[in-house]
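Accompanying notes for the structure given below.
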Amino acid sequence: MEKKAVIITGGSSGMGKAMAKKQAELGWHVMVTGRNHEALEETKKEIQTFEGQVACFQMDVRSDSAASDMIKEAVKAFGRLDALINNAAGNFICPAEKLTPNGWKAVIEIVLNGTFFCSQAAARHWIDQKQQGVILNMAATYAWGAGAGVVHSAAAKAGVLSLTRTLAVEWGSKYGIRTNAIAPGPIERTGGAEKLFESEKAMARTMNSVPLGRLGTPEEIAALAAFLLSDEASYINGDCITMDGGQWLNPYPF
């Protein structure tokens with residue numbers, strides 16, 4: 001049986017790396033992409049379980065041409081493409097009144113534009129091949145709630161959520177392409193956690209906001225992602241699954 005193949009953008013660290021590792025353990029071919037070539041190669045060495053299983057592609061998701069090249073390279077490496085995980089992201093804490101135009105544009109371009117460019121490139125391939133693929137996007141609970149200090153990311157993630165639902169309807173009905181999203185809460189060993197926990201006060205606030213009283217792990221996100229990519233989830237489309245320990249039920253976003 002031919003092994004399935006997935007592309008994971010931002011796949012060399014945090015949740016992206018965990019998802020890449022999980023799919024590799026399940027026997028999938030995996031392409032990890034990002035801007036740091038050395039980090040990509042290191043990830044490849046760590047997660048590969050057989051020769052030729054993992055490929056690296058250095059790119060910037062803000063480029064639509066790079067997104068197209070990414071798809072071509074994955075198909076060249078594996079002979080097929082079955083799924084795309086749009087994990088590349090950019091974020092930083094900044095009061096809205098102090099946010100610069102460049103800071104705003106950078107996050108919007110990476111998170112929203114990048115997600116669309118990569119999704120479009122993958123869908124064009126599947127449509128041409130008359131294949132039913134799967135897209136998984138990374139959202140955030142503040143996409144429908146609120147998050148002081150992350151207006152740029154909140155706006156971008158809200159766009160990703162709307163994009164997810166719209167493409168699920170449009171491409172799902174026309175081509176059988178499934179599109180879903182995951183909205184993670186505070187996850188340990190990620191860039192987001194490092195930014196949030198710059199002080200003990202910030203850490204305490206976050207921990208108190210999660211009913212389960214702990215952070216999530218990249219491995220838990222990876223397990224959910226693996227399910228959503230699997231045939232067992234073939235009737236899930238246009239949904240956003242929250243994995244935040246119940247934090248969204250509390251009054252504080254982080």
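Cβ atoms here come from the backbone N, Cα and C positions, even for glycine.
Feature annotations, reproduced from Swiss-Prot:
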ACT_SITE  Tyr142  active site, proton acceptor
BINDING   6-38  NADP(+) binding site
BINDING   Thr100  substrate binding site
BINDING   Lys157  NAD(+) binding site
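Structure with Swiss-Prot features highlighted.
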residue: Val6; record: NADP(+) binding site; DSSP (3 states): strand
residue: Gly11; record: NADP(+) binding site; DSSP (3 states): coil
residue: Gly16; record: NADP(+) binding site; DSSP (3 states): helix
residue: Lys21; record: NADP(+) binding site; DSSP (3 states): helix
residue: Leu26; record: NADP(+) binding site; DSSP (3 states): coil
residue: Met31; record: NADP(+) binding site; DSSP (3 states): strand
residue: Asn36; record: NADP(+) binding site; DSSP (3 states): coil
residue: Thr100; record: substrate binding site; DSSP (3 states): coil
residue: Tyr142; record: active site, proton acceptor; DSSP (3 states): helix
residue: Lys157; record: NAD(+) binding site; DSSP (3 states): helix
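With respect to Cβ neighbours within 10 Å, the binding-site residues Leu26, Met31 differ, and Leu26 shows the lowest count. In the shown protein chains, 32 other C-beta atoms lie within 10 A of the C-beta of Gly11 (NADP(+) binding site). Neighbour counts of Cβ atoms within 10 Å were taken for the binding-site residues Lys21, Lys157; the minimum is at Lys21. Here the candidates are the recorded positions Thr100, Tyr142, Lys157, and by Cα distance the one nearest Leu26 (NADP(+) binding site) turns out to be Lys157. On the backbone, the CA of Met31 (NADP(+) binding site) and the CA of Lys157 (NAD(+) binding site) stand 24 Å apart. Ranking the recorded positions Thr100, Tyr142, Lys157 by Cα distance from Gly16 (NADP(+) binding site) puts Lys157 first. Counting neighbouring Cβ atoms within 10 Å of each of the recorded positions (Gly16, Thr100, Tyr142), the lowest count belongs to Thr100. In this structure, the C-alpha atom of Val6 (NADP(+) binding site) lies 35 angstrom from that of Thr100 (substrate binding site). Nearest to the residue listed as 'NAD(+) binding site' in space, judged by Cα atoms and limited to the recorded positions Gly11, Lys21, Asn36, Thr100, Tyr142, is Tyr142. Cα of Gly11 (NADP(+) binding site) to Cα of Tyr142 (active site, proton acceptor): a distance of 23 Å.
Sequence-distant contacts of Asn36 (NADP(+) binding site), defined as residues of its own chain at least six apart whose C-beta falls under 8 angstroms from its C-beta, comprise Ser12, Gln58. Counting every protein chain shown, 28 other Cβ atoms lie within 10 Å of the Cβ of Val6 (NADP(+) binding site).
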